[in-house]
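Colleague: Structure provided below as structure tokens; questions to follow.
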């Protein structure tokens, strides 16, 4: 047991069964008895992962990485703001235990950056004060505190140790011990000093990275392979190959040249978008016939880390984040050493605003630099930068803590699991651009006996007032939103008399949110996200003025978020998870000229974009290309990967269990109106819909559970036997296209019908699950015997399955451009009338109150059988086409369109955005000071760049951008608007409001409108509704200059009130 360890609150029983040996530190997965250190956590033993809780994290890490995490014990020393952020991210991730070490007590100063402290904690030990609140984040993690002096012997209990507040001398001593320990203990040292930060990692002399980037292995579908000394392999042009020269690949399913199917990794070169060369002589191999899949083999990578003692004088390549600061890392490497020496000599850190302390630090830095050799010696020591470094050295700022908490948390996960490439070995970062644009007076940075004193020491009290009086709109309170609310509460944003933060989110809390949306607890499940998040953030800082709404932001809620609301804002912070909502908010910010801080995450990746009025382009100015969609005929008849199978499975699930029952209910609720609308449509889609309803209420209507089982068994036969027999009857294996080429050539895969057997549990489970959901749609109770595989098998085997004969006239769509599988017929109207007559007969046989219960797909409930049916449908189809099957979890990721998400990248993104928020609220920064960021913590990669400025349109002596809006007040007439434009040298030939034309110079009658008010024209012609809260309307004007050249002018706002 550790000395002076305070156990956390009682830990609830968790679903994860961890190996009982708490102190084990043996490397897991080692290839032999050698000293290769693959991953610190011991993943031996049975461990059950709570997939409901960790589904988004599992999509990033996978099961094996999670098991390694669950077996890892981590020490975090230094519980100021950075330590708390690191601990939060690791506890959410679900390591086995986190021990918090600190010998210091909580000060008022700490409240500026540490979200677990309150004023009641002042005077308590920082580690002890952190335990209970951090334990609440995840009761499956053992959280404890250590409050005595740390010794090397303590370290042997852990797989990873993190120090965020330690002298360089002590860090070197501890790292030497960790590096030489058997097996090595991964060591991380992190520092945040004002707007400067550093990270150092040492994972031992030999550390194996099991997966360097976390991406799925790339694959290709082979089209041909040559017989030559270095074989040329070409692939179908369905998708570009993502291989690189030197990659290892394996082949499978190759016909003819079967020698390549031995599973042996082979090296490639000369990689092209659809081909590559194999470094192998295939002249003696069989001749390639057809088929084949080539798959990248991901190789472990061995890294040899230097100790901190060695790396200080031989740091190697620094990890860059901003190439406009190419010379910055060596200077910061020097600055942090100088700060350590200053602290050792003065027994304190430099005082904010003290020129004497700053000069002393600069002198120490110059002295250290004089003794440096080679590339490590800094040619020009930037005194101004070191002065800023000295002034902020005592402060831990929340945005910096959030950003570095994400980075360091991810490095700990890497150390525990071998998943992703570690930071190797130094990373330095600064955001001096965030400082106020005007110089600070030393009196402005003096302490005020305030919880914001640490931040005031860097930014000054005047700037703190700007933060407190900000009026902020945060859109979304999920993972990003929770982090933003926490950050802004700690920063004091919207905490003043004039300040207010409005947060809105129409979603409710689900269990899967709890692994990263850290303001929520399990007892909040089912409650409104925004309300809970706002309440939790207000608990962090009682002065936080936050209002929670549950409205979706869109055109339909412009009565809530009206003109006055937008005009009153200081800044908008997006925390959204979909592009359409982002585009709408962007359009509102563009219209009202409000700064928009945009961010997003995808697994270990994150990006931030600053949208600043008149300085940068808007969010909608650049768009990602749309995701490539598989052709409909591929999904329905010619799948060649599991994604196709799952897309089809999701579509069939929704059609059978949601859409058809919903159509039945629509018909039964209003039979006359429904049938009239179908007759009016009179097309193939209406015919198909009616056929499904008739089937559901006639020959496929279920009265008891055995009927449901019969239906499910016959569905299996239809999907996986009969349809395949029909397909290969229409297109036999030797079929040819109209050009004479083989029909079944890559990427098409020739299918085989399945044969049902109750002895195959996957088939039985699929049919039982399908029957249970069918019973749910009819309101039929499910008997207990369905849980007994033997009784269920007997019931399924009793179903009479009719013989099937393929039809000669069957039509199967093969056109990749086709958008519908239903073909129109001249008889559609007649057939529709017959179907309606059948429906009427069916309806008279039903009780008046009969309704079906549509089943809406819900991916996050493992007890509802939804994913059992979808994964069963997909895997049976995959079996038809010899496509590798997937487990239910993988099926959930793809069919449920789950976005991979982890706490670390979320924390980093929000930290970066809040560093930009300082600049926005200051209001005096130029575009060069702002930064957009793309980061990938898996690699790790940080890429920061200035935002792109908006496109400028010029006319005469005027210039404008997308940010400009021309305003015309006084409720003008049409004539006055045209004259106003003519005075600018512009001839308006068309004015429209919405989709209606108010004026066009080509229409003589429009001249009669010249003396009418524009607002009256909008009401009378465009039928625009102008509620009391609306003071203006917008018109789009098409103009020409004097030379008849079109000129794109801004939107024109006509004020009528």
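Backbone N, Cα and C define each Cβ position, glycine as well.
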Colleague: In TrEMBL, which of the ranges 1-51, 52-102 has the region 'Disordered' annotation?
Modeller: 1-51
Colleague: Pull the DSSP breakdown for the domain 'Ubiquitin-activating enzyme E1 C-terminal' (930-1052) and write it out as helix, strand, coil residue counts.
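Modeller: For that range the per-state counts are 22 helix, 47 strand, 54 coil.
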Colleague: Please give me the CB contact count at 10 A for residue 633 (active site, glycyl thioester intermediate), counting all chains in the structure.
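Modeller: For residue 633 (active site, glycyl thioester intermediate), the 10 Å Cβ neighbour count is 16.
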Colleague: Mean pLDDT for the domain 'Ubiquitin-activating enzyme E1 C-terminal' (930-1052), as a whole number?
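Modeller: Reported value for the domain 'Ubiquitin-activating enzyme E1 C-terminal' (930-1052) is a mean pLDDT of 94.
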